[in-house]
């Protein structure tokens, strides 16, 4: 895998990558029952950091990621991303934020089966409105180590390759905040490590990268670990024992 | 036992979750089967209604009409019948006097050509059925108006009206006689409408007095004993009349244009309905296959999990097969409903268009049973195939993530090499179309079948309209405002009656013609003709000559292209022409060989022309029975018509375009029937498109959620769906238009020509019809994703993104 330099759009990085959540709660109604996914969460993430949100299943970590990514709306509290208050933003406003500020990587890749690897990546650049979308896509795909696989469809790629295409798609948007939901969840150890390395490089290059995982081992390579349990933040700080290099990971 | 209960609960839960989809697919199927049952079932009740109506009024077995202008003393024709060999088989005979006339519609400034039918007050053949008011009474001269004419002009049950020659008559009611269940009053027996042809049923004495022919008759109708040889009787009557120098033409019941057409129309319609119903059913079947296949495929992972847990394959097949049963049951029930509603609409239209004395609309159980069987089997077949495929996949394959994602077809790589314009998401609709060719093909075929039906239905109307437009253009290419004046009798050209017309102040230019009924024969083929003896190179109007040399037209007959085709002749060939010839005592029927000099493109088969220079050979030199006249300067055509109406001896005055005008009127009525079929096809196309879109929205939920996660606006996602639908709709429309044109050709040039050989027309599909097809097949189909806007708006994006197929 080549050393990937992010293709952050300079005009977008200028708007900042800071994330602020103040007193944020998220509740759902399931029939007659109200389920609290997050309760009074306060969180502030400085710019250009590699942050891991850690917690067991049902702790609210994905809900937190969705609120930051403007896919979901808080029941109470305030959410600001890159200087924009999205607490009461309209669906159009939230879509605009997703288009120009944040980008996603999913556990199950969610690639478009009808598009080639290159076109999937180009999709990210296109949606973000980048003028040189195809060139950016080709460059980004090469950066994640998939040069020569441009014309392959999703089903012709391995799981690790599909996830790298998904990362390239997110990077090709040029958006400064990268949100990854269990990005290594469906990958083997070796491929998972490679993916983490790639994400770490993005943070090093100036992006804010938030990775949601239940894998405590992954937290070792983060700049900061936020631990969730039952919708509350129960821990926030650097990894215990200091940040480890990716090469030391094993699970 | 417990697993059966679980599967049943699961199936019911499936139904609760997708009842809208099940209902929509069932409705698609119901439109196909219901229309199939209603259309084909109409033949049974139409046939029964015809039988009972003709029998009720004791329709004749043979009708014999004397040649144009000939009459005989009352009793003479009945006496002739007593001398034929089959006289013992004649059960009832009635003499009539039938003369052309012109009727002034009471309360309106409208003159309508028509016919006075003088008949016995208490006829035993061709009885009068009174629909309102009262009928004939002994000693009462009051007449009865033909029902549809009276209804069209909303005439009261009783009153007075004026007929040609300025005579006023009283009428006492509205009624029908079998020959006039449909109005066949145009030249060559062509059909016209109640608005354009007035039939006045009169006691014989009244008719004789109105025609100025006291004690005269010119027609005889008879009923024969069961088993009698009708054809031989007709021939014998003709021969006996000819011997008396009373040339006449005998027509047997089966050849009566109204009788023949009412039955052949059912057969012709049945063929046409079979095509339409078959197409609708095919459309519904394609749609059902497409939709059920996709619903079942969505369950393949669950089927795989079940099998992985050790459940037998057949048990896992229960759920998808239950879907087929649900659709089948609901489809059959809805199909009966659609059939009954469509049948009632059809019944109502037929009662209006063809108000027979007896209408019996029985429920056609057999046809409905057939349709129900089809409706039940189709969805079961639709789910059987994908279920079979699903249970044959190894469980490990079925439960693998990504197994169900469309992997692209062999066509997909082709698009990879094609540089498409626009951003990647602009290209996705086309890529989606190509990567799922089976899905695309089934949806396009479903839409194509519906569009083909639409095009075939409108194509028939187009063919009529185009033919009439051409005929109008031909008729009006010179002296467009001319009128045709018909005399009640054949007259010498120098007679005072003719001079009264040609010399009238309101007449500008004029030309005389002689119109004869004749019969052309060639190699066993027989075609009845209306022969116009005229100046082919002069006069006010000359026919276009499409075949042969114009210079030869003075040496032979000019036939319509349709007549030439039916006779199997071309210009230069010789035919035998059977025609009346005047004698000192009256007229006799003679046969003259004649060369076909040319052909004309007119659509009415019977219309033929003979140059006046050949009239002598036909014993018709110096005789006329018609004048074409243009209005004098400053006189309108209506003023000319009104002025000539009052001239003694004039039977009718009509505009040159009267024939096409009446056909256009008939077409409007026809449009009503075809409109129902068109509405059903429209509904079917939209339902197919909506169902396909709805399922596509479910199938692509994760793709849509991913797009939303990347910030793609909802309108763009909807527009992508619209584009994809437009592409599939376009493919379907192209298939539909081509198939529809072929069906139009078959229906118009084969089926319709068999039913109505008197009228020949080429099949035409107009640009307007293609535009309508595109509007429905592409426009309306493309708009259906708009119905998913709300659903997309309420999508739970995070939940959808995490759903593992």
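Using N, Cα and C of the backbone, Cβ positions are placed for all residues, glycine too.
Per TrEMBL, domain 'MacB-like periplasmic core' is recorded for B:26-239.
Per TrEMBL, the feature domain 'ABC3 transporter permease C-terminal' maps to B:275-395 (among others). Under DSSP, residues within the domain 'ABC3 transporter permease C-terminal' (B:275-395) fall into helix, strand and coil as 101 helix, 0 strand, 20 coil.
According to TrEMBL, the feature domain 'ABC3 transporter permease C-terminal' maps to B:676-796 (among others).
If one looks beyond the transmembrane segment (B:272-291) by at least 6 residues along the same chain, the residues whose Cβ comes under 8 Å of a Cβ in the stretch are 21, 25, 28-29, 31-33, 35-36, 39-40, 42-43, 327, 331, 374, 378-379, 381-382, 385, 439, 442-443, 445-450, 452-453, 456-457, 677, 680-681, 684-685, 687-688, 691-692, 695, 739, 743, 746-747, 751. Summarising the annotation, TrEMBL assigns transmembrane segment to B:272-291 (among others).
Residues annotated as transmembrane segment in TrEMBL: B:321-347 (among others). Through the fold, the transmembrane segment (B:321-347) approaches residues 11, 14-15, 22-23, 25-27, 29-39, 41-42, 45, 288, 292, 295-296, 359, 361, 368, 371-372, 375-380, 382-384, 387, 673, 676, 680 of its own chain, all at least 6 residues removed from its boundaries and within a Cβ separation under 8 Å.
Taken from TrEMBL, the feature transmembrane segment applies to B:367-385 (among others). Residues 25-26, 29-30, 32-34, 36-37, 40-41, 44, 281, 284-285, 288-289, 291-293, 296, 320-321, 323-325, 327-329, 331-332, 335-336, 339 of the same chain sit 6 or more residues outside the transmembrane segment (B:367-385) yet have a Cβ under 8 Å from a Cβ within it.
Annotation comment: TrEMBL describes B:441-461 (among others) as transmembrane segment.
As annotated by TrEMBL, transmembrane segment applies to B:669-695 (among others).
Counting same-chain residues at least six beyond the ends of the transmembrane segment (B:716-743), those with a Cβ under 8 angstroms from any Cβ of the stretch are 275, 279, 425-426, 428-430, 432-433, 440, 443-456, 459, 689, 692-693, 696-697, 704, 707-708, 763, 765, 770, 773-774, 776-779, 781-786, 788-789, 792. Sequence annotations record features per position, and here TrEMBL assigns transmembrane segment to B:716-743 (among others).
Taken from TrEMBL, the feature transmembrane segment covers B:763-787 (among others).
Within the chain carrying the transmembrane segment (B:441-461), a Cβ under 8 angstroms from the stretch's Cβ atoms is held by residues 275-276, 279-280, 282-284, 286-287, 289-290, 293, 667, 670-671, 674, 677-678, 681-682, 684-685, 688-689, 692, 728-729, 731-737, 739-741, 743-744, 747-748, 752, 763-766, 769-770, 772-773, 776-777, 781, all 6 or more beyond its ends.
For the domain 'ABC3 transporter permease C-terminal' (B:676-796), the number of residues in each DSSP class (helix H, G, I; strand E, B; coil) is 102 helix, 1 strand, 18 coil. Taken together, the residues in the domain 'ABC3 transporter permease C-terminal' (B:676-796) have a mean pLDDT of 87 on the 0 to 100 scale.
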